[in-house]
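Below you'll find the structure, written out as structure tokens, and then a few comments.
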Amino acid sequence: MNKYKLFIFDMDGVITETSEQHYQAWKKLAKEINIEIDRKFNEKLKGVSRMESLERILKNAHRENDFTDEEKLEFATRKNDNYREMILKCTEDDLFEGVKDLFIELKKRDIKIAIGSASKNAPTLVDLLGIKDYIDYIVNPAEVKRGKPAPDIFLNAAEKLGVDISECVGIEDAEAGIEAIKSAGMFAVGIGDSTVLNQADIVYKHTKDIDLEELMN
């Protein structure tokens, strides 16, 4: 009998790495509206929605009131177009080491797999990375009221797949994501630096290091 019945994975930094593409896409857009952002500031955009990221960029430049809602939507769309153009070059080689083996092992144990990303491009990436057959459900961020650090994305996955939250594991590499998992009442696995992700129940340096035997006991 499995202790957990559903694993909900963030995409970026957990399954693959497209943070550089996100950064370059935001940097390009920001430059077009005469705002400069650097890599240090970009850390504040990890794990949050596109519109929230835009608001943070504008607020940091003290320009949050300079644009209409329509203009902001257009900016977000433009950024996404930039990003999509970049990620279309992704292949199965961009899948993190150990991810496919982990998915195979989860399937052997009859454990469901969901993608709980803040990105609306998750379905495209799942296809490009060659992992579509392993995924039971991909959360559509447009269908949830609040993005991370609110728990809505993780709760949506559990609800859609009919799994109790006590039987769910969330895997994240960002503080906002860990906060979302904990707010949902789920077991939180952090990927990365344990000093940064100190709210997680357990932290592994890389996704390939996840030990299912350890988690299940």
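Glycine is no exception: its Cβ is also placed from the backbone N, Cα and C atoms.
A C-beta separation below 8 Å, combined with a sequence spacing of at least six in one chain, links LYS120 (substrate binding site) to ARG50, ASN80, ASN140, PRO141, ALA142. Following the DSSP three-state reduction, the secondary structure of LYS120 (substrate binding site) is coil. The substrate binding site annotation in TrEMBL covers 10-12, TRP26, 45-50, SER53, LYS79, 117-121, LYS148.
Per TrEMBL, Mg(2+) binding site is recorded for ASP10, ASP12, GLU172, ASP173. The Cβ of GLU172 (Mg(2+) binding site) has 31 neighbouring Cβ atoms from other residues within 10 Å, across all protein chains displayed.
Secondary structure at ASP10 (substrate binding site), taken from DSSP and collapsed to helix, strand or coil, is coil. As annotated by TrEMBL, active site, proton donor/acceptor applies to ASP10 (among others).
The active site, proton donor/acceptor annotation in TrEMBL covers ASP12 (among others). ASP12 (Mg(2+) binding site) is surrounded by 23 other CB atoms, counting those within 10 A of its CB over all protein chains shown.
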Handout entry: ASP10, ASP12, GLU172, ASP173 excluded, remaining Cβ within 8 Å of their centroid (Mg(2+))
Key = PHE9, MET11, GLY13, VAL14, LYS46, GLY47, SER117, ILE171, ALA174, GLY177, ILE191
Exercise for the section: Pop the Cα-Cα gap between GLU172 (Mg(2+) binding site) and ASP10 (substrate binding site) into the table, whole Å please. Expected result: 5
Problem - Inter-residue C-alpha distance, GLY47 (substrate binding site) and ASP12 (Mg(2+) binding site) (nearest angstrom) - result: 8
Handout entry: Mapped DSSP class for GLU172 (Mg(2+) binding site), helix or strand or coil
Key = strand
Handout entry: Chain-internal residues near ASP173 (Mg(2+) binding site), provided their CB is under 8 angstroms and they sit 6+ positions away
Key = ASP10, ASP12, GLY13, VAL14, LYS46, GLY47, GLY190, ILE191, GLY192, LEU197
